[in-house]
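Participant: Sharing the features that Swiss-Prot gives for it:
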type     : residues : note
CROSSLNK : Lys1121  : SUMO2 cross-link
MOD_RES  : Ser2     : N-acetylserine
MOD_RES  : Lys1067  : N6-acetyllysine
MOD_RES  : Thr1125  : phosphothreonine
REGION   : 2-768    : region 'Interaction with CDT1'
REGION   : 13-356   : region 'WD repeat beta-propeller A'
REGION   : 391-708  : region 'WD repeat beta-propeller B'
REGION   : 709-1043 : region 'WD repeat beta-propeller C'
REGION   : 771-1140 : region 'Interaction with CDT1 and CUL4A'
Amino acid sequence: MSYNYVVTAQKPTAVNGCVTGHFTSAEDLNLLIAKNTRLEIYVVTAEGLRPVKEVGMYGKIAVMELFRPKGESKDLLFILTAKYNVCILEYKQSGESIDIITRAHGNVQDRIGRPSETGIIGIIDPECRMIGLRLYDGLFKVIPLDRDNKELKAFNIRLEELHVIDVKFLYGCQAPTICFVYQDPQGRHVKTYEVSLREKEFNKGPWKQENVEAEASMVIAVPEPFGGAIIIGQESITYHNGDKYLAIAPPIIKQSTIVCHNRVDPNGSRYLLGDMEGRLFMLLLEKEEQMDGTVTLKDLRVELLGETSIAECLTYLDNGVVFVGSRLGDSQLVKLNVDSNEQGSYVVAMETFTNLGPIVDMCVVDLERQGQGQLVTCSGAFKEGSLRIIRNGIGIHEHASIDLPGIKGLWPLRSDPNRETDDTLVLSFVGQTRVLMLNGEEVEETELMGFVDDQQTFFCGNVAHQQLIQITSASVRLVSQEPKALVSEWKEPQAKNISVASCNSSQVVVAVGRALYYLQIHPQELRQISHTEMEHEVACLDITPLGDSNGLSPLCAIGLWTDISARILKLPSFELLHKEMLGGEIIPRSILMTTFESSHYLLCALGDGALFYFGLNIETGLLSDRKKVTLGTQPTVLRTFRSLSTTNVFACSDRPTVIYSSNHKLVFSNVNLKEVNYMCPLNSDGYPDSLALANNSTLTIGTIDEIQKLHIRTVPLYESPRKICYQEVSQCFGVLSSRIEVQDTSGGTTALRPSASTQALSSSVSSSKLFSSSTAPHETSFGEEVEVHNLLIIDQHTFEVLHAHQFLQNEYALSLVSCKLGKDPNTYFIVGTAMVYPEEAEPKQGRIVVFQYSDGKLQTVAEKEVKGAVYPMVEFNGKLLASINSTVRLYEWTTEKELRTECNHYNNIMALYLKTKGDFILVGDLMRSVLLLAYKPMEGNFEEIARDFNPNWMSAVEILDDDNFLGAENAFNLFVCQKDSAATTDEERQHLQEVGLFHLGEFVNVFCHGSLVMQNLGETSTPTQGSVLFGTVNGMIGLVTSLSESWYNLLLDMQNRLNKVIKSVGKIEHSFWRSFHTERKTEPATGFIDGDLIESFLDISRPKMQEVVANLQYDDGSGMKREATADDLIKVVEELTRIH
């Protein structure tokens, strides 16, 4: 068995469909967006889109249509999934709670039938008499719409026209009538049929039109008064209604294929059209009024409005605003203007919605050396191509920033006694102090009476009896608030300089070298109570009051130089309660007593970024439970702040971190800032609930996210990225990309638009000694699109394209790796290519090119001709492992800097994927699943260990551990194969057993080992082993991790219980949705826990939680089973959410 947990780290972002209507109420205008398995419901308001609800469907949404049957006050939603579940949904709201009610449901899959190549089509008769589905060739499926039917039942009508391209119901027909484009050996034709519900048959339709354009691909049914249909082709747009026929062939639409359309006006006089290049057109139907008052179509006109993201779907909302749903780039809200701008465009983007899809490749890197992976993806395609940098952390939203270098500390003040909010910020520098007045959002420098400005401040704040305090290197100064004047000052008796200080509302402790002085704050008086001498100099101290001690701290925490110790002293006597030797050479720089979730802690940060934390007993001053984490490489300063009414600690360093507690465990979360030296909380009128943060050069005021989430940065390339790798020595990424160029009259090609490879700082072009013939142009015609492939070298800090290297004509770059080879000290970028010609079934030649990038130059070090396409390449024990068409080949790197073949393995159809671990190689084949090879270094050859004999068409593979291998295949499933080392016969040993099966519902393009969260920080009790991330076509990022058997069984039990409690939208069974499903077989899911379902436990109500845990047996780590409580499971699930 294999025990795995699969969970979503980023939900799918690519938009597959969108509709608009009145779903939430008759008055609301709604936009509904489908992102694969997720349905998002928005209300269209004057301010933009307001999200109402997000629904996770147990299925890939294939069809989504709003309709309003007679007698309904608002629209209902029809959904069909890829596994042929159908449902009719209704929106119900009572108070705050929103429900999506399933009015009717069913499954319309046929036992036999060939799924149509042109995909699933679902249409609804305008009079809401029936739903029509085209799922299989030669069949038209009808679901009659009766109001009372809870179960949706369908019947098939045979369709002689096997190859239907598109079909729609016509408007204004007595009987439901379909109009469709179909193809036969003679070409493409348009035909209509009436659908008879009684006979369950087709009757002859009102009209037909033979031999329309050969590329006719879309039918648009036109409402009355015109009626009829518009047929859209590659070059022409035609209108038919039986007695009228109109055709136009505007040259403007010829450049690209129209892929989506949407009606603007209810009467069908205007339509939006979107094409593959992201151009947006308006199709206008001009009317002519006849003498008898009827309206006929006079003319068709097409106008280019401008450019948008490449649209998968369009929907017109209101007031000239259009939603552009994109699968290949970010989706947009655009405004259509009456007048064009300077570029001649009528389209203005108002808002963009991030889309990571399609994720074609990705790599995990720790760029800032922060012990936390960032994911860099190759996302999008064509002009929407980009790199996306994704990291998990707590975001800071900047509201103001001031250039102020050299800040050594900062504190908020309420200078006016009658204020609830801060109005002043005090900044400390070496040898001086400056005061900033906050007036609304304005910030100006000012002076405070009673404060000194020519010394460095160690502490400043509001204290008891309406007073302010300023502790500088020279003295402790007490200042009255009203009027502002110095009322008391304390200096060290020999006038020595204060080195560190800590203060709360009524107590002060200062250190002068080894001496400690304890003062109390009284009205207009600082009273020295006691002092003591330590054996070493004091490096840091803290007297934060904990518990309910009336704001007084009975304890003082100090860190000492020389013996590197942390100590807890009793006030006022300075009696030593506890001494903790921290060990090592590095001095403590910051110490803090704090309370998280009513447990008291002592935190002590050293000068090298290490942080010790202990449990603190405030009665006895004893420390317990010592733990250590590393939070950076530089001295760390600890400050508390409050967020969501809980205490948090901000650790300022070169790797700023927020420390908080969850389930009585400390959690350390990255803050998405490069560096923070000092911070303080700030709550002023202009900047409520904010933080002030200082680095070496700048003061920033901002607000902080309440939760950790994924932050996405976009680097547009304007061309298609294919592969990415990271090279640490040159601090660069290598990216393979392709741009589209068009053949011109001279036989050359021209780029369609500027993009990353045409705008690089420097560039070079391949010239190969290997293929003399390849440079002779193959047959291409004028206006034909060709792909031009490049290797881009991209700076890891600025993401600037430093160099672009263009490959040969017709040469496709397929694989990329950065590695060292043999004993050669250099690190190389190595690219595998193929010469691709349309007349060849598969590539017959390609090359492996070895590049070195150093000092801003890219040099070709070696090239090797191969007889085929170099699909994947990986570094393998100092050698280069590549697969060329069906052969897996190992090259060694000679001292002459040449690649020499060492050994081959031939037993594949097309070896598309390679992963290695030690001497083992996992090969993923186009159609023959996975195979495990072992390299024998003594013999210098490959041995076939075992293979999976199931015919899986692979899309990605990964090695989980020595015995478990993860695969993704093209029917959206995941599986795990296991090597059976204990098998007794050779035959059994050669079989990889499928021990894990799961329907993911996503097409996985890439797996890679790595994590999006901080590694090894804090404590965790969830025994998850390893972390493999995956990226999909829909822009989803997921994670697979391995579990122990006992945890797997607990979560499986929990999953089954959750399925009884959580009602699925559309009444689709979870077990049906997750069952492994291909055209060959369907098997129940096994070996995988659905993490998304487990995490939904946190969102359900308390009574439902109780229902889930009833009689659930749980081992709390003591080895004994007991009945679980809801809180036990909340803890378990919260821990699991922290892995992504």
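Backbone N, Cα and C atoms are what each Cβ position is placed from, and that goes for glycine too.
Please go over these features one by one and say how buried each is and what sits next to it.
Facilitator: According to DSSP, Lys1121 (SUMO2 cross-link) is assigned to a strand segment. Counting only same-chain residues six or more apart in sequence, the Cβ atoms lying under 8 angstroms from the Cβ of Lys1121 (SUMO2 cross-link) belong to Gln1113, Tyr1114, Asp1115.
In the three-state DSSP assignment, the secondary structure recorded for Ser2 (N-acetylserine) is coil.
When Cβ atoms from all protein chains are considered, those within 10 Å of Lys1067 (N6-acetyllysine) total 15, not counting its own.
For Thr1125 (phosphothreonine), applying a Cβ distance below 8 Å and a minimum sequence separation of six or more within one chain yields Val1109.
Mean model confidence for the region 'Interaction with CDT1' (2-768) is a pLDDT of 92.
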Participant: Round to the nearest Å and give the CA-to-CA distance linking Lys1067 (N6-acetyllysine) with Ser2 (N-acetylserine).
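Facilitator: On Cα coordinates alone, these residues lie 29 Å apart.
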